[in-house]
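Here is what Swiss-Prot records for this protein:
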ACT_SITE  Asp92  active site, proton donor/acceptor
ACT_SITE  Lys156  active site, schiff-base intermediate with acetaldehyde
ACT_SITE  Lys185  active site, proton donor/acceptor
Amino acid sequence: MRTMNLAGMIDHTFLKPEATEKDIVNLCHEAKQHKFATVCINPAYICTAAKLLHGSGVGVATVIGFPLGATMTEIKVQEIFAAKAHGAREVDIVINIGWAKSGNWEAVAKDITRAVEAAHCCGVTIKVIIETSLLTEEEKQKAAEIVKASGADYIKTSTGFAGGGATVEDVRNLKAWVGQSVKVKASGGIRSRETALQMVEAGADRLGTSSGVQIITV
């Protein structure tokens, strides 16, 4: 795979709580230079990133209900509308993990479906994070089925905040479960070109990483 093709699959990510405006400026500069798909940042910096990336072809992605997924559905929906209004093209939203672990799949489905409807209503791409490191195989499959049924654009492995990230096995399984109707984003622990290529080979359509520059310049 050519470097430029790989770069175009990367969400250049900086979601640390201590992220400064200078960090975001640097992130956007790198994203423009290397032609990454998006920058993925916390909501407070959407306006900054949107201004810096205007006309560059690099999108602005942000996170919703992040990283716990325990925000009320109504708040998640309002976050999506606000993100769009401030310049975000894509949103990465976390499922309510506690509901999933409780087996309350109906509530999980309603939460995600409302978020997907809100995102698509305002023309925003939505990626649903299921936090694979916290789920059993059975729970991962059930979550994948719900994401597929919701009409989401992507299913995403991880927030990177739960002590585990993407694995090749998880990416391969998620792709098998959602089929061609939903894309897969691998995120968490992708720090090398080798790992990135393994994720793509397993079925990942997008990669979330803070190591994008290192990955494409080795």
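Backbone N, Cα and C atoms are what each Cβ position is placed from, and that goes for glycine too.
Lys156 (active site, schiff-base intermediate with acetaldehyde) and Lys185 (active site, proton donor/acceptor) have their C-alpha atoms 5 Å apart, to the nearest angstrom. Separating the Cα atoms of Asp92 (active site, proton donor/acceptor) and Lys185 (active site, proton donor/acceptor) is a whole-number distance of 10 Å. Around the Cβ of Lys185 (active site, proton donor/acceptor), the number of neighbouring Cβ atoms within 10 Å comes to 28. Highest Cβ count within 10 Å among the active-site residues Asp92, Lys156: Lys156.
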